[in-house]
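For reference, the structure is listed below as structure tokens.
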Amino acid sequence: MYTQDQLKAMVAEAAKDEVLKHMAPGGILGVGTGSTANLFIDAIAPHKSHFAGVVSSSQASTERLKKHGFNVLDSNSVESLPMYVDGADEIDPQGHMLKGGGGALTREKIVAHLAKTFVCICDGSKQVAVMGQFPLPVEVIPMATAQVTRELEKLGGTVTLRKIKGTDQVFVTDNQAWILDVAGLKITNPVELESNINQIPGVVCNGLFARRKANVLLIGEANGVRRQTYS
Ligand SMILES: O=C[C@H](O)[C@H](O)[C@H](O)COP(=O)(O)O
């Protein structure tokens, strides 16, 4: 039986093989954020010469990539990316994802939107029939926090302003915005919910990656890594 950390390391290795196989040398890779993405960054580090550069989805990933000596490019300098590799907090049977547990959802969505192929890497605990067990992160402009909270409550969720773990300090994103975590949703139509939440004035972005879902899933399970594709 593998531990969750071992499963994450295994999918990170599998993702390294996936990008080296499918990306020609000299390409630019999109890189996600989180504990699984960190392991992926470490796995590709010995192969950094394969990539002309990388586009990062957070300050934390940028720092890690730079420490490894990667050429980190501004997303404005890139028109498209062959691949983007990132973790998820939940993924449903269609490949729709819920992300943002680490607060990087907006930049992740920007970089993912540039990519032809989204490779989702996670351990088996993230695969769910219906998303919503994990609270849905919604990034908001601070002055809109109260009114966005009221709108999200109308959807049936319990809304909490994210604080830095173990403190009473508000968590501030890389974009100087705040995050509302919405618990208790049963997300049966993620494409519609993603669009509806984005219509609320003051919402920067929400953690549903349904309109731009995963193309490939590398998932760590009891028997090892399973590869799945979505049409
Ligand atoms: O903001 C964070 C990201 O969406 C992560 O991809 C997600 O939270 C999964 O993170 P981890 O690999 O640490 O479980």
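Including glycine, each Cβ sits where the backbone N, Cα and C put it.
Fair warning: this is a prediction, and the values are worked out from it, not measured in the lab.
Just one of LYS66, LYS67, LYS126 is listed by TrEMBL for the same substrate site as THR33, GLY34, SER35, THR36, ASP86, GLY87, ALA88, ASP89, LYS99, GLY100, GLY101, GLY102, and that one is LYS126. Pairwise Cα distances among THR33, GLY34, SER35, THR36, ASP86, GLY87, ALA88, ASP89, LYS99, GLY100, GLY101, GLY102, LYS126, the recorded substrate-binding residues, top out at 16 Å.
Of all Cβ atoms in the shown protein chains, 30 besides its own fall within 10 Å of the Cβ of ALA88 (substrate binding site). Taking the mean position of the Cβ atoms of THR33, GLY34, SER35, THR36, ASP86, GLY87, ALA88, ASP89, LYS99, GLY100, GLY101, GLY102, LYS126 as the substrate site, the remaining residues of that chain whose Cβ falls within 8 Å of it are GLY32, ALA37, ALA104, CYS122. Counting only same-chain residues at least 6 apart in sequence, those with a Cβ under 8 Å from the Cβ of SER35 (substrate binding site) are LYS8, GLY87.
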